[in-house]
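Colleague: Got a structure for you, questions after.
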Amino acid sequence: MKRDALLATLDEWLQPHLISDYCPNGLQVEGCVEIKHIITGVTASQRLLDAAVKAGADTVLVHHGYFWKGEDNRVIGMKQRRLRTLLMADINLIGYHLPLDIHPEFGNNAQLLQRLGASEISAVSGPKPDGVLMQGYLPSACSGYELADQLETMLERTLVAVELNEQPIQRIAVCTGGGQSFIEQAYQSGADAFITGEVSEQTIHVARECGIQFFAAGHHATERYGVKALGERIAENFDIAVDFLDMDNPA
Ligand SMILES: [Zn+2]
């Protein structure tokens, strides 16, 4: 498939033009024109790039790409090595950040809720862009301890931090990745529990004082499923091989 045709399809699915983001969405580094083999992953780290080169892939598709607002824009050091790896191998780098968090079907938030078996999945109204904080109802009420166990089994890792109480949980709010600052909006939306990737010192106080149960389940671990689902959709629709590579990250 031609690169531009794939990019047009991805833009149609993900609608990046509707969102103001902290990085460019879509093609970030241009490689070859014909796309046959895509490696998907959470972050375009050197490890992921080296694995893509080894696999003979022509494209890397990620949630965390490059060229973030405010970063040093010189091409030196780690950034030079990453760009050199891509350019030497003629590999395209495609990245979708917020569009791949908020998408109602294969966004990170929706995917995490789906995997927990949640129903009535919807965007919490208020936080922008729509879908950056999402909610759903667990199939049956459970305790915080049970939800912690379920998350650990599903994500195959121990949680980063939890703050539990004795209340049953049914309605949950989710903002994957570094979404801890949304805890108050999760509480105000009426959620019994809030799941995100990271934790800050003050997050625990908000959880204690508002009485909302809190789960920090890892930035990387909570953001695996969006890009994975997007890759699966590409493989279903086009004659392109897509492999998801999970480069584990404890954060
Ligand atoms: Zn992220």
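Every residue gets a Cβ built from N, Cα and C, even glycine.
Values in this document were obtained by computation on a predicted structure and should not be read as measured data.
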Colleague: According to TrEMBL, His63, His219, Glu223 bind divalent metal cation 1; identify which of Asp90, Asp101, Asp192, Asp248 is listed for that same site.
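Modeller: TrEMBL lists His63, His219, Glu223 binding divalent metal cation 1, and from Asp90, Asp101, Asp192, Asp248 it also lists Asp101.
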Colleague: Asp101 (divalent metal cation 1 binding site) to His64 (divalent metal cation 2 binding site): how many Å between their Cα atoms?
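Modeller: One finds 11 Å between the Cα atoms of these residues.
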Colleague: Rounded to a whole angstrom, what is the C-alpha distance between His219 (divalent metal cation 1 binding site) and His64 (divalent metal cation 2 binding site)?
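Modeller: Here the two Cα atoms lie 11 Å apart.
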Colleague: What residues, ordered by sequence, lie under 8 A Cβ-to-Cβ from His63 (divalent metal cation 1 binding site) and sit at least six positions away in the same chain?
Modeller: Val42, Thr43, Gly95, Tyr96, His97, Leu100, Asp101, Asn108, Glu223, Gly226, Val227
